[in-house]
């Protein structure tokens, strides 16, 4: 096992091993020599990848899947207390470890960069992982999405840097002690866990307080929530700001769209740097600059890291081109919060100009729809036409009166052309029928709407 890794994690069992965060930790543990086992609801490419690393992956949740000699059981906040494997762990006296504690253990003895914020964590973490790898620095990383290249959400590297997403949704990011922390933005999103912006600020203040002595907080200068956090933290932590604001420490001078790419010019430590970002959208350019500033804070020369950022070609579901058929491009977006929806739609508009943008949107979570349904509808008004599916519940039970109709009504009030569809399986044919050559179709949401992109392409090919 790697230095600093508790022996209690030499035979871990993961409940929900196929999840983005869980699978990454499982992969790193397997690469470090642990005897990894776990269970997931269904077969997947992730399950196959884990098996290829020597892990045992069971399909379905059952008490007998948990080996009596497991050293610990790893869970995320999404695992219910009545899960049969969790119940069995209690009966056997096997320690239960939260995903965040396992990740914190993996980072012990290394130089962690923890990437936090309401939006953009996966992209920024990925940009750092790819660019640092491009420079042969051998980083370890744990990402909440799958890279286009090198094709994994996690890796045990031989270098001293560990890049990880830091999730605020359940306050698990309080477990980490980073040398560099990034805060991309601060908004109220996870309404089941936070009642107010004050609670959000307090949570991010706690996170920033975990930065090791001599460490650095890299934080957005253009986002009001981040600026307020900076004001609250004044004098308590070394801070480097980035953005287009004149007072930013790392100032963005320009973001020039170039089709599905951007050219970004910044000033860092008095030197002007111009580099390419291989994904479209101003928000992704800002993510790249955050990565650049974080690398510089760790001592990686910006003049070397900036060109290496061009090696980042995207994360699955983050404006990922799924294909083209009948002259129609189909792109997948993970956006599920109004801010993300707006940013991705604006990025696509900048990329395609006057071409029509059609959106197939699947709301994610009843609680989020209850609080932000109006804003989601307003965001959809940026598209030329939208189809809205029923809410993807994920871990939540229904809330009376909360349906996707809240979004549809708000979209229509904002002047949007929107069609509600309750039969998800019928939506690919409907969207394909709406599209014509030159259009761009965007499947949008954090649920299983991603599976519909290939089906739309199939319909277009008929």
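Just so it is clear, glycine is given a Cβ too, placed from its N, Cα and C backbone atoms.
According to Swiss-Prot, the protein has these features:
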type: BINDING; residues: 117, 118, 119, 120, 121, 122, 123; note: ATP binding site
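Positions of Swiss-Prot features highlighted on the structure.
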residue : record           : Cβ contacts under 8 Å, 6 or more apart
117     : ATP binding site : 124, 168, 182, 183, 184, 185, 186, 220, 226
118     : ATP binding site : 168, 184, 185, 186, 187, 189, 225, 337, 339
119     : ATP binding site : 184, 185, 187, 283, 337, 339, 340, 343
120     : ATP binding site : 184, 185, 283, 286, 287, 290
121     : ATP binding site : 115, 144, 165, 166, 167, 184
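Comparing the binding-site residues 122, 123 by how many other C-beta atoms lie within 10 angstroms of each C-beta, the top residue is 123. Other than 117, 118, 119, 120, 121, 122, 123, the residues of this chain whose Cβ falls within 8 Å of the Cβ centroid of the ATP site are, in sequence order, 115, 124, 184, 185, 287.
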